[in-house]
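Features reported for this protein in Swiss-Prot:
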type	residues	note
BINDING	10, 11, 12, 13, 14, 15, 16, 17, 18, 38, 119	ATP binding site
BINDING	89, 125, 129, 177, 186, 262, 274	L-citrulline binding site
BINDING	121, 125, 126	L-aspartate binding site
């Protein structure tokens, strides 16, 4: 008896997920494999994917357009939370996994499958994100991960696939592992496994080298409503178009590159290169608008929440009770985060050049050092005495 009767497989069109199709059928006794490819803005990579899956033995090949849901329900929530894993990575790849898991579960329920599968290995983060998300959405579904068990080398995997008509798209001149969606690209492996090896310019597609960027700055006004980006330069845009246009603008000025060593869920460190132009700019602009519209205590407490929120996303806990509870807090904090942030793009930098909001709690008459100053300077002395009293008492005791 096979491990499952009917399986919905998360499909990318690459070697591993293509080999998963015959492997599931011939090694694990699966009767039917349905592939599902999520269109999250990979570009033309999804063109021939349906035909390839069918040639590899799938009984049906699904391609689902999830770009709008991805940006609106996943990326924009992350922006409201200023989510940066380890204060740097904007989770452009990690955010896609809970949505793909949701699509897998929905397809399994629609087609009567008793299992879902993915092509993740046992070394990466994505296996954790897929497995836990699927467990949360439908704990009755089996989760199969052939690449986690088959113990084949890259060469052996390709050879196995060729026995069953799987074509290998791998170019020997490209040793990198690359993942792409509308939010950005992640590049790893090959020469990048040496933390001292500088990335070559050829690995970047979304961002220009500084030498190739314009010699004049460009200003962009980003409009927000309740923490959600809604416009560029006063023009209201749908979520997908807004991200696409900002990717182009920021990338044209060399903005959006990251080179970091991060702590994976499975306990190892990994060197990663990321391109995420729009996402990084939006998080920075959003945080700046919050500084204008939120009280100090909300800002300081939210900083703690943001760190935990980022960890939950990275570690595959998008559908967890804690994540749901933090969502409620974050939404509440965004009620007055409405306004505009002006960003200046120039030579690899995206700096906030101005901000405004009808909900601003910045008071120029209190902040100024000019003649218009309304701040009560005399009140400062009493405040300092009370505020510093514990320190003074402690110092007196320590001195005996």
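Note: Cβ is positioned from N, Cα and C throughout, glycine not excepted.
Feature annotations (Swiss-Prot) mapped to structure.
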residue : record                    : DSSP class
10      : ATP binding site          : strand
18      : ATP binding site          : helix
119     : ATP binding site          : coil
125     : L-citrulline binding site : coil
177     : L-citrulline binding site : strand
186     : L-citrulline binding site : strand
262     : L-citrulline binding site : strand
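Cα spacing between residue 89 (L-citrulline binding site) and residue 126 (L-aspartate binding site): 15 Å, rounded to the nearest whole number.
Fewest Cβ neighbours within 10 Å among the binding-site residues 14, 119: this applies to 14. Counting other Cβ atoms within 10 Å of each Cβ, the lowest count among the binding-site residues 177, 186 belongs to 177. Between the alpha carbons (Cα) of residue 14 (ATP binding site) and residue 125 (L-citrulline binding site) lies a span of roughly 18 Å. You'll find the Cα of residue 10 (ATP binding site) roughly 23 Å from the Cα of residue 274 (L-citrulline binding site). Here residue 186 (L-citrulline binding site) is positioned 17 angstrom away from residue 119 (ATP binding site), judged by their C-alpha atoms. Contacts of residue 126 (L-aspartate binding site) defined by a Cβ separation under 8 A and a same-chain sequence distance of 6+ are given as 97, 118, 120, in order along the sequence.
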